[in-house]
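The substrate binding site annotation in TrEMBL covers Glu35, His36, Thr37, Asp38, Tyr226. Under the heading ATP binding site, TrEMBL lists Ser69, Gly126, Ala127, Gly128, Leu129, Ser130, Ser131, Ser132. What TrEMBL records for Ser132, Glu164 is Mg(2+) binding site. According to TrEMBL, the domain 'Galactokinase N-terminal' annotation covers 10-59. Annotation comment: TrEMBL describes 95-183 as domain 'GHMP kinase N-terminal'. The feature domain 'GHMP kinase C-terminal' is assigned by TrEMBL to 287-367.
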Amino acid sequence: MMTQPDLLQNYQDIFQTTDTPRSFFAPGRINLIGEHTDYNGGHVFPAAISLGTYAIARKRADQTLRFYSMNFPDAGIIECTLSDLSFNSDHDWANFPKGMIHTFIENGFSIPSGMDVLFYGDIPNGAGLSSSASIEMATGVVLEELFDLEIERLQMIRLGQKVENDYLGVNSGIMDQFAIGKGKKDHAMLLDCQTLKFSYAPVELNGYEIVIINSNKQRTLAASKYNERRSECEQALADLQKELPIDSLGELSGEQFEQHKHLITNDINRKRAKHAVYENERTVRALSELEQGHIEAFGNLMNASHVSLRDDYEVTGAELDKIAETAWSHPGVIGARMTGAGFGGCAIAIVEQAQIDNFKKTLTTVYSEDFGYPPSFYETKISDGAKELVEEWQL
Ligand code: GLA
């Protein structure tokens, strides 16, 4: 367990300085519902969480950038200069902050000097809770504050997405950076990814809690399968556009989809589009159920989301299915589904407080029997978006 003084002490030891640097935090995110809808012009319903990335930083007088992650101590200090911010596989995890700095500069922001930055994440890496968007947005607020940049939050969010798309080659949508950039304590946000209009919705679960379950399954080939799903949806859209004047799958109701689905020539693409259309409808409905306090109806929509991701979008896998299916039959669980991109990673479940311990025990037993290793559980709160930490803070 790391504390604020520990991080500051580590900073001073690693960068051999007695200066007091400034501290920043960017959360991770969960998505309650609305999966693989963002790049299809649909709705998503994510929330920022209290697990995330801490960045401790100070400017340097020269052009050198030095990065250190307490999560990857073996990688040591990774160094480069402002004049060469190109992607470098030897720089490993540091390509995330490098990519953000590169993208800021490319978009006209002035970064006149280098920095020493230490990162520490209490968010599991690569587990579908957006550790990558978290480090990108942590870097974004570091740049904004250290260099007094005038940047709208929405622009920072878009630049984070650009790092994924153009610098790292993952064609992801805007959900992760948006949730992390605009998160609000105790609120989820319903975002229309086509217009970027959004609204906050209080998450009041009265006696229930959101439990995050990490399948601990290594996510292999996730980026290439993700890009493949995206292009399957684009092909389905192109087929539909032969008769329909639409810009995205998110514009279609389920009924319209049924009337026109024959236009999609490939069976697989048709299943992918079906998921995108119905998941979007479920997401919009989910907000109104939550607002009316219909937690069970909300849970049912989460379950239907998982089924669709399992059968039509095919991104769940045996591990996440086992978690969701075990949760569905457990007393006190009103909804469970995978969260994030899938292909391994995390699931979330809404569980009655009194049943949480029992649920964890049961799931650990049945999951370990099938896969030979246990899942992990995280307790987390819904929290604010990326920001500088100005007061005494606690991890
Ligand atoms: C990843 C991407 C997001 C989104 C989800 C799936 O987290 O980064 O843009 O597409 O997968 O909903």
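Backbone N, Cα and C atoms are what each Cβ position is placed from, and that goes for glycine too.
Note that this is a predicted model, so its numbers are computed, not measured.
Among the binding-site residues Ser69, Ala127, Ser132, Glu164, no residue is identified whose Cβ is positioned under 6 Å from ligand 1. Note: the Cα of Gly128 (ATP binding site) and the Cα of Tyr226 (substrate binding site) are spaced 12 Å from each other. Least packed by the Cβ count within 10 Å, out of the binding-site residues Gly126, Gly128, is Gly126. Burial estimate for the binding-site residues (Glu35, Glu164): highest at Glu35, by number of other CB atoms within 10 Å. Secondary structure of the domain 'GHMP kinase N-terminal' (95-183) per DSSP, as helix, strand and coil residue counts: 51 helix, 7 strand, 31 coil. Ser69 (ATP binding site) falls within a strand when secondary structure is assigned with DSSP. Helix, strand and coil residue tallies for the domain 'Galactokinase N-terminal' (10-59), in that order: 8 helix, 26 strand, 16 coil [DSSP]. Max Cα-Cα distance over the annotated substrate binders (Glu35, His36, Thr37, Asp38, Tyr226) is 13 Å. Confidence across the domain 'GHMP kinase C-terminal' (287-367), taken as the mean pLDDT and rounded to a whole number, stands at 97. Highest Cβ count within 10 Å among the binding-site residues Thr37, Ser131: Thr37.
Of the listed binding-site residues, namely Ser130, Ser132, the sparsest Cβ surroundings within 10 Å are found at Ser132. By neighbour count, meaning other C-beta atoms within 10 Å, the densest spot among the binding-site residues Ala127, Leu129 is Leu129. Counting every protein chain shown, the number of other Cβ atoms lying within 10 Å of the Cβ of Tyr226 (substrate binding site) is 19.
In the set His36, Thr37, Tyr226, none of the binding-site residues has a C-alpha within 10 Å of the C-alpha of Ser69 (ATP binding site).
Among the residues Ser69, Gly126, Ala127, Gly128, Leu129, Ser130, Ser131, Ser132 said to bind ATP, no two Cα atoms are farther apart than 20 Å.
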